[in-house]
Structure formats: structure tokens, C-alpha cells
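The next block holds one structure in the form of C-alpha cells; read it before the comments.
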Amino acid sequence: MPVESGSSSAARQVKQKRKSHSLSIRRTNSTEQDRLGLQRDILEGQDSKLPPSLRSNLLDLFSQIEREFENLYLENIELRREIETLNERLAAEGHTFDGADLAKGALKTKASHSTSQLSQKLKTTYKASTSKIVSSFKATAARAVCQLVKEYVGHRDGIWDLSVTRNQPVVLGTASADHTAMLWSIETGKCLLRYTGHQGSVNSIKFHPTEQMALTASGDQTAHIWRYMVQLPTPQPVADVSQTPCEDDVDFSDKDEPDCEVEGPIDCPSIRVATTTLRSHQGVVIAADWLVGGRQVVTASWDRSANLYDVETSELVHSLTGHDQELTHCCTHPTQRLVVTSSRDTTFRLWDFRDPSIHSVNVFQGHTDTVTSAVFTVGDNVVSGSDDRTVKVWDLKNMRSPIATIRTDSAVNRISVSVNQKIIALPHDNRQVRLFDMSGVRLARLPRSNRQVRQITGLNSGEHNTASGDPQGYFRCACLHI
């Protein structure tokens with residue numbers, strides 16, 4: 001007949017205590033709800049200058065805080081009892097021999113380890129509970145309304161990047177895994193031009209600051225510069241679309257989206273030859289951008305390097321090396337000769353070309369996973385996003401620590417910052433797009449589709465475009481009202 005060991009008996013006692021403790025918490029919660037309800041009635045009866053709705057919201061939040069800390073307190077007491085029980089059992093099992101000091105040391109080590117686990121558990125629980133409460137405070141700070149403005153259909157594969165021209169005519173550019181880049185009329189949604197010069201996936205597209213030129217990066221290990229001339233069609237009257245609140249439970253159903261493969265745009269002219277081809281990389285060119293003035297461009301590649309080229313001569317000016325793994329993105333400052341590159345090595349680097357005779361580099365290690373993108377704002381800030389589910393805002397004058405940190409529930413793809421309103425748009429792997437201000441306060445969430453969002457770009461002060469990685473090359477324009 002098997003004999004139950006002391007350790008299994010202790011484990012069974014601990015489980016029984018936990019079960020009885022959970023029951024006691026439920027009973028306590030039921031009685032506490034009555035007590036809190038009585039306290040709330042008393043508080044509501046008192047005079048206050050706060051609006052009734054705001055005061056009611058505050059009372060609910062403080063009640064949640066009290067309940068969370070009370071549960072933590074009860075759990076802390078129970079865990080301390082378990083620690084004392086384990087310590088007593090270890091002391092009882094310690095035999096009296098010359099090595100008593102050894103048993104004492106083991107007891108001390110066990111108690112220290114249990115205390116450490118308790119501290120970590122309390123810290124984790126506290127962080128999770130308080131983050132929900134703080135999020136509810138932030139959610140009341142601003143209310144935004146989103147509405148679907150237009151849908152663009154034409155690519156035959158996923159769309160990796162979006163960009164808008166900085167001069168007239170204002171058009172929208174898209175880069176796709178179907179080996180093409182397209183230019184679109186923002187108002188009508190019509191395809192104006194298609195570039196087919198690449199032999200691989202087109203991973204990014206950026207427009208020249210003053211001329212009608214586009215820069216595309218591709219999986220064929222090259223970057224192309226090509227000129228375009230488009231004529232915008234006459235915009236048609238837009239039907240009034242009812243506004244939809246930007247709540248988390250608002251989704252677009254599958255019936256709103258095309259069910260068949262897109263055959264491609266009708267009567268869309270094509271360009272097949274690039275004006276300039278930039279070759280030097282030994283791997284996929286994942287991103288490219290124009291430096292201020294448009295005379296030089298920078299490219300980022302999976303070969304762990306970024307290259308700086310002269311546009312007129314196509315010559316390689318600098319090879320920017322130092323990253324330990326593949327690069328994921330590059331971005332240039334809108335008014336200064338600064339470049340920021342991000343990488344899978346969890347870092348992003350700031351390259352300074354303001355002095356023609358020498359260029360400096362600074363390495364920033366603020367993330368714990370792949371840095372998917374880092375972008376400049378109009379001022380002196382850099383915003384970085386990562387697969388570690390955080391977005392951080394940095395001050396160029398003091399980059400030792402971020403001035404704001406945004407924690408999310410999903411990996412962040414290529415982020416975008418609105419030029420006029422300083423709004424950070426975050427596309428996530430979980431098909432959501434969230435909007436925050438520069439201090440990290442959440443403003444809104446765009447209605448969700450059933451496709452993974454890879455990139456978002458701002459059209460103007462009130463509109464954002466989202467790109468998806470689905471095989472039908474489908475993306476939307478949503479208008480934001482704040």
C-alpha cells in the first residue's frame with residue numbers, strides 16, 4: 001500500500017487553503033459590494049462642484065482601486081501564511097547533526113526564494129490591475145470619431161507601404177508584394193499610374209520633396225528612382241457616411257470586402273524603366289527615404305547595412321554599418337541631415353550628416369525585441385516602435401531615456417506621426433490601429449478589419465490611410481474627427 005509522502009500532503013493542504021481562501025474572497029466581495037454601495041450613496045449625497053457624470057465615473061474608478069488593493073492584501077496574507085508553513089516544515093525536517101548550519105542555510109535560501117516569488121507576483125498583479133485603471137482614466141481624456149471615407153482596390157498581393165506626395169499634384173503611393181507600386185487619386189480612388197520595374201516585392205515608396213519623382217525599395221536588392229506625370233480626375237460628390245464611434249468592439253465584417261481576386265486596375269498607364277537604379281546591397285532592400293533637399297537618398301537592407309547615395313551620379317557616398325542583425329526601417333529628418341535606422345538587433349541608430357567632413361552615430365538600446373521602425377517628428381523628437389509591444393518617444397536633445405512610453409497588447413509595425421496634430425498612429429499585428437498623442441495618451445482606435453495592418457500614413461490633419469498584408473491588396477482611408 002503506497003504511503004503518502006510529507007511533501008504531497010503539504011501540497012494538498014496548500015491547495016485546500018487556496019480553495020477555502022478563494023471562497024472566502026467571494027463571500028467578502030459580496031459583502032464589500034454592499035458596503036461600497038452604502039459608502040457611494042453617502043458620498044453622492046454630499047455637495048460637490050463636479051459634474052454628476054464625471055463624479056460617478058471617479059467613484060467607480062476609486063471603488064475598483066479599493067477592491068483591487070483589498071484583494072492583493074488578502075492574497076498577500078495567505079501567501080505569507082504559506083511561507084511560514086513551508087519554513088516550519090523545513091525546520092521540522094532538518095535533522096539535528098553537526099551540519100545544522102547547513103540546514104539553517106537551506107531554510108534561509110528557501111525563505112528568500114519564496115519571498116522573492118511573492119514580491120514578483122505582487123508586482124505583476126499590481127501592474128496589471130493598475131494599468132487597466134489608468135487606461136480607463138486616459139480613455140476619458142479625449143473622444144474621437146472615425147468614419148470610413150474611401151476604399152482602394154487594385155494590388156494583387158499584400159501592401160507593405162504607403163506614402164503621400166509633398167507637392168502638387170497630391171497623390172497617394174502604395175508599395176506591394178505583387179512587384180508593383182501604384183499612384184492613386186485620393187479623392188476618387190482611381191489608379192493613376194503603375195510602376196512595374198522591380199523584379200521583387202516592392203517594400204517601400206517615398207516621394208521627392210519638390211519634384212515628381214518616386215523612390216522605391218525592393219526585394220530584388222535594388223532601389224529605383226523614377227519620374228511620373230499624372231493628371232488628377234475630376235472628383236465626384238462624396239456621399240454622406242454616418243460617423244461611427246472609435247470603440248474597440250467596432251469591426252468591419254467580411255461582407256464589406258471583395259470576395260474575389262482583383263484583376264488589376266482598368267486603363268492604368270504603366271512605367272517599366274527606372275530613371276536611376278541604385279545597386280550595392282547584398283540583401284533585400286526593406287526601406288528607402290530622401291534626405292532633406294532631395295539630392296541624396298538612404299536605403300536600409302537585410303544585409304545589416306544602410307547606404308547613402310548621390311541621386312545625380314547614383315554613386316555610393318557612405319555605407320552605414322554597425323547593426324548586428326537585419327535592418328527593418330530607415331527614416332530621414334524633414335529639415336536636417338539626420339537619419340535613423342532600426343534593426344532586429346533591438347536597437348536603433350541616429351546618423352548625423354550635418355557636418356560634410358564627418359558623420360557621427362549614436363546607438364540607442366531602449367527596446368527588448370526587434371525595433372520595427374523609428375521616425376522623426378517635426379520637432380526634436382524620435383518615436384520608435386517594437387515587437388516588444390511598446391512605443392517610445394525620445395527627445396533628440398536628451399536620448400538617455402524616453403520622455404513617454406506607450407504599452408500595447410500586440411507587436412507594433414511601421415508607425416506614422418501626423419505632421420500637423422502630432423498624433424502617433426500605431427498599426428498592430430492584431431489588425432488594430434490606435435492613435436495616441438505625444439505624451440502617450442490614447443485618443444482613438446480606427447475600426448478594425450479582418451486583415452493585418454502593416455503600415456499607416458497621414459494624408460492631412462484629419463485623415464489616415466491603412467495598408468494591409470492580405471493577398472487582395474486592399475486598403476482603406478479613414479477620417480478622424482477630434
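From the backbone N, Cα and C atoms, a Cβ is placed for every residue, glycine too.
Curation does not apply to TrEMBL; its annotations are automatic.
Feature annotations, reproduced from TrEMBL:
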- 62-89: coiled coil (COILED)
- 1-11: compositional bias 'Polar residues' (COMPBIAS)
- 22-31: compositional bias 'Polar residues' (COMPBIAS)
- 1-32: region 'Disordered' (REGION)
- 152-194: repeat 'WD' (REPEAT)
- 195-226: repeat 'WD' (REPEAT)
- 278-319: repeat 'WD' (REPEAT)
- 320-361: repeat 'WD' (REPEAT)
- 364-404: repeat 'WD' (REPEAT)
Report the DSSP secondary-structure composition of the repeat 'WD' (195-226) as helix, strand and coil residue counts.
-> 0 helix, 18 strand, 14 coil
Under 8 Å Cβ-Cβ from the repeat 'WD' (278-319), and at least six residues away from its ends along the same chain, one finds 161, 200, 203-204, 206-211, 213, 215-219, 221-225, 325-337, 339, 341, 343, 351, 353, 359
Taking every residue in the repeat 'WD' (320-361), what is their average pLDDT?
-> 92
Secondary structure split (DSSP) over the repeat 'WD' (278-319) reads 0 helix, 24 strand, 18 coil
